[in-house]
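What follows is a single structure, written as structure tokens, with notes after it.
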Amino acid sequence: MAMASFARRKAYLLSRNLSNSSPDVFRYSHSLTAFSRGFASSGSDENDVVVIGGGPGGYVAAIKAAQLGLKTTCIEKRGALGGTCLNVGCIPSKALLHSSHMYHEAKHAFANHGVKFSSVEIDLPAMMGQKDKAVSNLTRGIEGLFKKNKVTYVKGYGKLISPSEVSVDTPNGDNTIVKGKNIIIATGSDVKSLPGITIDEKRIVSSTGALALSEIPKKLVVIGAGYIGLEMGSVWLRLGSEVSVVEFAPDIVPSMDGEIRKQFQRSLEKQGMKFMLKTKVVGVDTSGDGVRLTLEPAAGGDKTTLEADVVLVSAGRSPFTAGLGLEKLGVETDKIGRILVNERFGTNVPGVFAIGDVIPGPMLAHKAEEDGVACVEFIAGKIGHVDYDKVPGVVYTSPEVASVGKTEEQVKTLGVEYRVGKFPFMANSRAKAIDSAEGLVKIIAEKETDKILGVHIMAPNAGELIHEAAIALQYDAASEDIARVCHAHPTMSEALKEAAMATYDKPIHI
């Protein structure tokens, strides 16, 4: 059946016959016809593909291009591959999330399982060392993959000087020109700043500084209740900080399904995290030993103050497109600096492409990787495909929250009649057996066809469980399809099966 599904998908893509016209606002499904292009021979000084940026989108694009037989060079200014994700984002944060969770479990939960200690201590330098080791090993691993696939790696800051030339300022002060028939911009994103707040990475930190604190702050204030702020707040909360989250919006993680969001917030509050929603920061005073924030209701009103040892600014990210020479070449961008591309990731300048955080769409490492593969496939005359409506997202707190597809609020807005099936982990045998039964699975399906529209999971390992749902959405499965798949017992994944049963019929175990 999978082979037939793939054949149908390929036939559909080939039948689209979409034009390679000028860029418009980026469409959320890149399912396109192939096109042919001539390539330089392997002995030429000119590359077939030059990638500016060695993050998840860039390095994956470079490797895929080389695997397709294209002469490829990747330029990275950081001096270490992996981009923000590997060096100061996804990987180090998950290392600290795991280490802090182990400490918290040892201190608060191990005794319930008959494992007792006379005392539990935090060795913060060792914890940071484990994080740094994971980062360095993975960075060297990418360099090894470059060598294996014969990707040329150039360290330095790349800037477009023509549609086929990149000027690179190298770390030793030299400058070199890298030529390519196709140039892919994959420079990622940077921390979004807030007016009147200066990040010094000591007392007022970005996520980068929050990953490298030398001591545990007594009081930590997080500005922004999105994925990154809640994850980093969770790390220091577990290690002993008093954590307060200030959010301008009325809800945490606005993109999350409303019902799941409410349960998630209650869980974090139960752990000790405090929330100040519909609140804005209007002043910052760093004249003393700590930081004094002046707050005001988002709608206006009386001012209050909040003191902290460290303030984490986590108000989102901005595309890193400044200083790349885009204006000189006339590459079109939108009002917030994102590069506008067509359905083949091409800009309005022939031969110049863009992927990942610098273009519209979810700012997620795995989305950037898919962009990179699809973009290179188009360049090589093949078919690329990315559907942004089916990109899973995960908040790696404890419990984790993962989702794919549409929220219930989005489905209501579309006017689609739907059914909802839910199953709590309190009724899941594996969750009860391991004493980790907080959370639920929620499935939203079209009423008439039973087609799954969205899946939302709050559970200790939701980030792993969500991919069964992602596959189901990719192949337009019905909730009954999941319900009729035999799931091993006892497993946490049975909760997904039961939620699917609840969507189209009735669950067994509740």
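Counting begins at 1 with the first residue displayed.
A Cβ is built for glycine as well, from the same backbone N, Cα and C atoms used for every other residue.
Just so you know, TrEMBL annotations never went through curation; they're auto-generated.
Here TrEMBL annotates a disulfide bond for CYS85; of CYS74, CYS90, the partner residue is CYS90. Other residues of the chain with a Cβ within 8 Å of the Cβ centroid of GLY224, ALA225, GLY226, TYR227, ILE228, GLY229, LEU230, GLU231, GLU247, GLY316, the NAD(+) site, are VAL222, GLY233, VAL245, ILE252, VAL253, SER314.
In sequence order, ILE52, GLY53, GLY55, GLY58, PRO319, PHE320, THR321, LEU324, VAL358 constitute the residues six or more apart from THR187 (FAD binding site) in its chain with CB-CB distances below 8 Å. Taking all protein chains in view, 21 other C-beta atoms sit within 10 angstroms of the C-beta of GLY226 (NAD(+) binding site). The recorded positions in question are CYS85, ILE228, LEU230, MET363, ALA365, and the one with the fewest Cβ neighbours inside 10 Å is MET363.
Within 10 Å of ALA365 (FAD binding site), as judged by C-alpha distances, no recorded positions are found among GLY224, GLY226, ILE228, LEU230, GLU247, HIS489.
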